[in-house]
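This report refers to the structure that appears directly beneath it.
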Amino acid sequence: MQNRKWILSSLVMTFFGIPILTQFLAAVVAMLGVGLAGIIEVCNILITPTSYLLLNIFMLALGALMLFFSGRVWAGDSAPEKREIAVWRQCLFLVPGLLILVGWIIVLHLADYQFHQMGSGWLADLMLPWLGVLLVSVVGGEYWWIVIIPVGAHISFSLGYGRPTRHPLTGTSGLRCRNSLLFILLMLGFVAGYQGYLYKQLNPGVGVRENIDTWAWRPDKLNNQLTPLRGKPQIQFTQNWPRLDGATAAYPIYASAFYALIVIPEDFHTREYLESSRTPDAYNRIVKGDADIIFVAQPSGGQKKRAEESGITLLYTPFAREAFVFIVNADNPVNSLTEQQVRDIFSGAITNWRTVGGNDQEIQT
């Protein structure tokens, strides 16, 4: 009877307890990350791609540490009477992580390293207890979380569970099994890492975000991308600085103007006066009085109506014109496209390069 209870509790913790606990802790860590990002913004510290990566690593490490200590706590509360068989529970904790990692490697390879082609096969079935992680990863475009979080969670919890009982287990077959599973997971981790390298090589420009690294347009950054003025500016702001905002595509233009025309004191908080919140939010901010000048495309009828209803008169000054530029890979054999073919590509009527004289490959827009 005692063995049945031990087996049942082990199975429940393995396939339900660890996923639920991990997703709860992930939500807590995510809220901490949001709070930390808010503090960084208030302190006027710009987040670079490197700092963003370090922030993600910090949050993953924090989550792993929390799961490790959760495993230790559960070991103290529910360890079996025969401590030498506790290591078999560790082995059981590692099995789902191993299955998910193997499934990820196989499915990603069969999908030709295209995330959107991975489909909903048996890997998705394995991920059912991790539905929250799966949904957030897909919606957020962070597909690698699908494998990193579950596998890391099972390993962290298992190691935490085994720590209080590690000394009495020396030399047992269960310990050898656990170490073998950890070694296999390590080797498969290298395989998955190599797949990540291949993915970057095969898809260098697939992950396009609707924002830019504003750090590249900072005057204190070496080799920055600011456009210098031709000659001495006719006006400069030493006080009552205008608050600028606008579209992502226009940021290099108005950021260059901002730093060229404004005399910045030492205690100046740039984020209060230079923002890049994209066109819809920029219109909302100027209507609310949170911005003075915005660099955007012409407003829609709804945006004009909201300004009128708020009693705001918008002054329009054209400074550039939009143009459509169609860019393809240098190795693409297609030399030209008609206007209609471009329309068909972006409307979804044409989805394969073969249709317009190219290779038999899906068009990624």
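Placement of Cβ uses the backbone N, Cα and C atoms for every residue, glycine included.
The feature domain 'PBP' is assigned by TrEMBL to 275-364.
The feature transmembrane segment is assigned by TrEMBL to 12-40 (among others). Here the transmembrane segment (12-40) has long-range neighbours at 47, 55, 59, 62-63, 66-67, 70, 74, 92-93, 95-96, 129-130, 132-133, 149-150, 153-154, 157, meaning same-chain residues at least 6 beyond its ends whose C-beta is under 8 angstroms from one of its own.
The feature transmembrane segment is assigned by TrEMBL to 52-70 (among others). Among residues of the same chain six or more beyond the transmembrane segment (52-70), those with a C-beta under 8 A of the stretch's C-beta atoms are 18, 21-22, 25-26, 29-30, 32-33, 36-37, 148-149, 152-153, 156-157, 159-160, 163.
Taken from TrEMBL, the feature transmembrane segment covers 91-111 (among others).
Listed as Cβ neighbours of the transmembrane segment (131-159) (distance under 8 Å, sequence separation of 6 or more from its ends, same chain) are residues 18-19, 21-23, 26-27, 60, 63-65, 67-68, 70-71, 90, 93-94, 96-97, 100-101, 104, 115, 124, 178, 182, 185, 189, 192, 196, 207. Residues annotated as transmembrane segment in TrEMBL: 131-159 (among others).
Residues 91, 94-95, 97-98, 101-102, 104-105, 108-109, 113, 144, 147, 151, 155 of the same chain, all 6+ positions outside the transmembrane segment (180-199), place their C-beta atoms under 8 angstroms from a C-beta of that stretch. Taken from TrEMBL, the feature transmembrane segment applies to 180-199 (among others).
Counted with DSSP, the domain 'PBP' (275-364) comes out as 33 helix, 5 strand, 52 coil. The domain 'PBP' (275-364) scores a mean pLDDT of 87 in the predicted structure.
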